[in-house]
Amino acid sequence: IAKEVAKLLEMKAQLGGDEGKHKFVLKTPKGTRDYSPKQMAIRERVFNAIITCFKRHGAEVIDTPVFELKETLTGKYGEDSKLIYDLKDQGGELLSLRYDLTVPFARYLAMNKITNIKRYHIAKVYRRDNPAMTRGRYREFYQCDFDIAGQFDPMIPDAECLKIVHEILSDLQLGDFLIKVNDRRILDGVFAVCGVPDSKFRTICSSVDKLDKMPWEEVRSEMVGEKGLSPEAADRIGEYVQLHGGLELIEQLLQDPKLSQNKLAKEGLGDMKLLFEYLTLFGITGKVSFDLSLARGLDYYTGVIFEAVLLQQEKDHVEESVSVGSVAGGGRYDGLVGMFDPKGRKVPCVGVSIGIERIFSILEQRVEASEEKIRTTETQVLVASAQKKLLEERLKLIAELWDAGIKAEVLYKKNPKLLNQLQYCEETGIPLVAIVGEQELKDGVVKLRDVATREEVSVRRESLVEEIRMRTSR
């Protein structure tokens, strides 16, 4: 044995000692993050507000796999396709992580031959972006989508999608916001009458989409320099895409000698007028602007497109408000389901996606600034004891409370000091303490203490559950 051990020790020495041990890099992958209990508490609040709104509008919920066949996603996102995360070949299938929830939804409809559904879907999506995490841009992030699929009279579901955005942004109290609306057909009409060749529509569209981030001069030079558009066409586009307004602008464009000759633009403007009439009935036109620069880069939009931006009042001159980024977007995509259907059957769809990550980073900063104390548990009562040797009684009582659906905790110590138990409640925000002691056990009561006011009352054991419910529902 000694000989064998010596041999093994020699081999170990040759391999080198512990210096060769691999040191772990402790970090999350690029473009991702962990969420602490405090951050999750804020996040759950936001999710609850959004889900409540989706349910109020009668939506069902679905889920789809986190990865799809690569071919399902290819060719649906225009210039953004380069951001799709491809996976290694797994047993003969080429897979990619989903890029959004809309394409999987269209695949789901075509596969199950569904022609009519109103659904929401909240899940993580993946983009191989160079993330700017400070601005709420990640490689892995949540999307909250609401979509209406089916053949309906024009603009009624579209108006409801805008109403939902308005409800959610008002409810979350993020400050002033504006919902910009446009229509792909109006844009395409503008491009046509300005002399953009058909083959350049999509690529010029993605240039126009940058107008919220860069001045017209830069967008124009991208169109002319990089994308080979004639300077005259670019200037003609400039006259249109810098316009924004409401019903009056729609009326004005319907009279426009060039645009009114274009079938697509005319259809789009007609629908836009109808949309604004419905938005007036919903009472939300004050926050909606018809904006011809809105293009939204995704290839699958066919009609109305919209985007909600938060506005920040400039300090110096209050009337000027600047956009601090998009917090929701969506539109109509009538052709997407047909791309998947073997017979090309179309299912018209319109939907909205809420930009949860950006909303979340705004609320997180706000909580940091206000130093508001956030509870990370929902515990209603701590079961405590004032004397030693009462662990069994504490466990019996907490089991009764759990079985009655009360959220309760106990300290994992045989004989904890009462002061430590009360301090635990202060730290975690537990509002009540149920104290068992020898005398209370004899009398068949429990002492219920209000942590904030320090008042104590004796409650009969059989009425304890009722008393806790009553006090915590207030």
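Glycine residues also receive a Cβ, built from the backbone N, Cα and C atoms like all the rest.
Feature annotations, reproduced from TrEMBL:
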- 31-363: domain 'Aminoacyl-transfer RNA synthetases class-II family profile' (DOMAIN)
- D100, L101, T102, R127, Q143, D147, R296, Y300, Y301: L-histidine binding site (BINDING)
Other than its own, how many Cβ atoms are within 10 Å of the Cβ belonging to Q143 (L-histidine binding site)?
19
Number of other Cβ atoms within 10 Å of the Cβ of Y301 (L-histidine binding site) across all protein chains:
26
Starting from the Cβ of R296 (L-histidine binding site), draw a 10 Å sphere and report how many other Cβ atoms land inside it.
23
Hey, what's the Cβ neighbour count for D100 (L-histidine binding site) at 10 Å?
19
Between all pairs in D100, L101, T102, R127, Q143, D147, R296, Y300, Y301 (listed as L-histidine binders), what's the biggest Cα distance, rounded to the nearest Å?
21
What mean pLDDT does the predicted model reach across the domain 'Aminoacyl-transfer RNA synthetases class-II family profile' (31-363)?
90
Over all shown protein chains, what is the count of other CB atoms within 10 A of the CB belonging to T102 (L-histidine binding site)?
26
